[in-house]
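Trainee: Just dropping this structure here.
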Amino acid sequence: MSSPSWFPQRAIALVCAALFALSAALPDARAQATRYADAAPLLLGVAWYPEQWPEAQWERDLALMQAAHVRVVRIGEFAWSRMEPREGQYDFGWLDRAIAAAARHRIVVVLGTPTAAPPAWLTQAYPDTLRVGQDGVRDEHGNRQQFSFASARYRRFANAIAEQMAQRYGRNRHVVGWQLDNEYAQASFDPEAKAQFHAWLQRKYGSIEALNRRWATAYWSQTYNDFAQIPVREDEENPALLLEWKRFVSDTWADYSRNQIAAIRPHADPRQFITTNTMGWFAGFDAYTVHDVLDIAAWDDYVAGERYDWVDNAARHDLTRGYKQRNYWVMETQPGFVNWRATNVALRKGQVRAMAWQAVAHGADAVSYWQWRAAPNGQEEYHGTLVGADGEPVPVYAEIQQVGAEFAKAGAALAGTTPHADVALINDFDSRWALGFQKHSADFDPVVQMKSFYRPLRQQAQVVDVVSALAPLGGYKLVVAPSLNVLSEAQAQRLKAYVERGGHLVLGPRSAMKNADNGLQPQRQPGPLAELLGGRVQQFYALDRPIPVAGAAGEGSAKIWAEQLQARAAQTEVPLRYGQANGWLDGAPAVLTRRVGKGRISYVGAWLDDATLDRLTGDWLRDAQVRAPLADVPQDVEVGVRSDGRRRVLVLINHGSDAQQVRLPAPMRSLLGAGAASDVVQLAPEDVAVLDDRR
């Protein structure tokens with residue numbers, strides 16, 4: 001289907017008139033057929049704000065949604081002042097009518113609890129509920145997320161509004177799920193949060209003496225006599241304190257979630273899911289901790305316009321799938337452009353469709369755009385939409401309409417399928433935080449370093465899981481931990497057992513330097529795994545310029561970080577050594593690897609250039625006998641695979657600017673177009689193919 005650059009006014013009028021007539025003629029039973037049990041397996045959605053518009057305009061909006069194959073709307077997450085205009089006075093009549101109107105257009109609803117934006121009556125009457133920054137300044141009303149996540153009073157109000165909503169809509173057949181709040185973000189440093197942190201530490205350590213011992217507070221005379229003496233900051237403090245604060249923040253956000261779940265779940269149909277929307281690599285809290293209390297994961301997929309990096313975006317999809325190790329939702333994504341970057345470049349024509357199918361390829365069962373219609377006023381007036389403030393579609397509407405039509409065609413084949421990977425990349429928030437606290441090199445960004453490992457894994461293995469350090473690893477042939485800086489003894493034993501059972505473990509630079517308290521391990525790196533490796537780190541060095549490396553893995557360079565390694569067992573091999581560097585590194589091993597029974601452990605002691613890491617990745621995949629679903633795929637073509645054990649669905653996306661051809665191992669049928677099955681796929685730039693590989 002071609003995407004016209006403009007949606008003609010006459011066509012809009014005809015579509016709307018037809019849909020208005022159809023919706024008016026539908027009996028009530030027909031509307032009720034849209035329920036969670038019958039919801040489409042692949043959903044196109046939008047964020048809809050009916051509270052911003054006169055009700056007379058709702059039907060026109062919903063008709064245009066239905067014409068675009070929109071099947072789900074998110075409603076309510078910023079509407080607290082409309083739901084509870086005064087303390088204890090509730091008004092849900094408008095929301096009743098909005099949900100019913102959506103149902104008449106066969107659109108189901110995700111309800112957002114409105115707690116990300118407290119009303120003015122609350123913040124004015126109870127200023128103690130407002131967030132306090134690290135500088136001690138309390139937030140004011142007029143933005144969003146200005147509440148303290150630790151405030152008991154705020155939680156009572158949040159629980160009350162969530163319970164009111166759940167009592168009214170928990171059994172509504174048109175409500176498929178709940179989104180708690182919106183984009184959990186900043187911690188608060190108010191007195192209540194500090195007192196809770198001190199109590200949290202006391203529960204964990206039992207005594208102040210135990211804390212002093214484990215934190216080594218004799219350093220700089222930091223020894224405490226009472227938990228209440230412990231400061232709360234996020235800079236220049238004891239590394240153990242900093243790490244524990246982040247863990248406390250994570251637990252507090254999880255408790256914040258539980259507070260609303262406790263209000264919703266007793267009144268909700270068990271088929272209604274509860275989630276919240278996260279933000280990619282955001283590390284303000286441990287997302288695994290928060291997702292422990294949620295049913296599914298969801299995230300907001302925003303990119304930097306037409307120059308976005310598709311491999312980086314793929315990593316964020318895999319990251320989100322790993323929070324629950326199951327399919328997820330994209331709760332927000334951009335319909336063309338955003339409004340909060342320095343220059344808000346739009347996606348090229350075709351990229352909106354490519355991004356939607358990329359999400360599905362990685363396990364998304366819904367893709368929802370923010371937002372449906374431009375608000376008449378407010379901080380995000382310039383953000384991309386499907387419909388302008390005048391109620392007319394903007395150019396990207398037609399492309400999203402095409403996506404919706406394709407979701408409807410391919411949805412049945414994708415039902416019950418999910419990606420299955422032989423390769424896992426470990427994402428550990430403790431380690432990311434620890435490296436951020438003590439970078440030692442301004443250029444050492446743990447997320448960038450992680451992505452340097454993800455890229456060759458994704459391009460060669462094609463399907464990759466991103467999992468926590470506590471995830472079960474037995475089903476993976478290859479596990480890569482780019483910088484597992486913080487490693488507990490229990491985690492070390494799990495990794496050791498994985499290798500001894502036949503797995504291949506790869507550790508990146510700075511791995512196993514710290515213990516669970518963010519203190520130095522008593523052994524040289526990789527600490528508890530040094531004996532298994534048959535080698536260790538003699539010394540680490542920050543680099544201000546690249547240095548050469550060479551060996552069986554070819555020639556290349558190291559930058560930012562290099563560790564002088566030492567092989568200490570006869571079976572330990574050295575695939576790469578440093579060339580002439582700073583004298584200390586000259587000729588020293590840069591990479592070690594050792595076979596242990598049927599398994600293998602490898603240690604990469606440097607931040608390697610992309611080409612060298614790509615070659616090493618190929619060696620690891622071959623050694624682990626990992627085979628990609630498709631061979632000889634052009635570099636700019638992304639391959640996604642979803643399976644239910646009986647059938648496979650392949651998603652091919654050409655992210656490049658040139659047309660590409662992909663050969664298949666056998667003829668496959670297109671799920672998006674007509675025609676016979678073929679073993680050759682032609683892809684134009686930004687083009688997508690969705691193939692049924694049922695055999």
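Using N, Cα and C of the backbone, Cβ positions are placed for all residues, glycine too.
Relevant sequence annotations retrieved from TrEMBL are reproduced here:
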- 1-31: signal peptide (SIGNAL)
- 48-409: domain 'Glycoside hydrolase family 42 N-terminal' (DOMAIN)
- E183: active site, proton donor (ACT_SITE)
- E332: active site, nucleophile (ACT_SITE)
- 636-691: domain 'Beta-galactosidase C-terminal' (DOMAIN)
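For the listed features, I'd like the structural context: burial, neighbours, distances.
Mentor: Regional average pLDDT for the domain 'Glycoside hydrolase family 42 N-terminal' (48-409) in the model is 95.
Non-local neighbourhood of E183 (active site, proton donor): A116, Q145, N277, T278, M279, D300, each in the same chain, at least six residues away, with C-beta under 8 Å from its C-beta. Under the three-state DSSP scheme, E183 (active site, proton donor) falls in the coil class.
Within the same chain, residues at least 6 positions away in sequence whose Cβ sits under 8 Å from that of E332 (active site, nucleophile) are A47, N277, D300, D301, Y302, S368, Y369, W370.
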Trainee: Please report the DSSP secondary structure of E332 (active site, nucleophile), reduced to three states.
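Mentor: SS state of E332 (active site, nucleophile) = strand.
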Trainee: By DSSP, how many residues in the domain 'Beta-galactosidase C-terminal' (636-691) are helix, how many strand, and how many coil?
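Mentor: Each residue of the domain 'Beta-galactosidase C-terminal' (636-691) counted once, the result is 0 helix, 35 strand, 21 coil.
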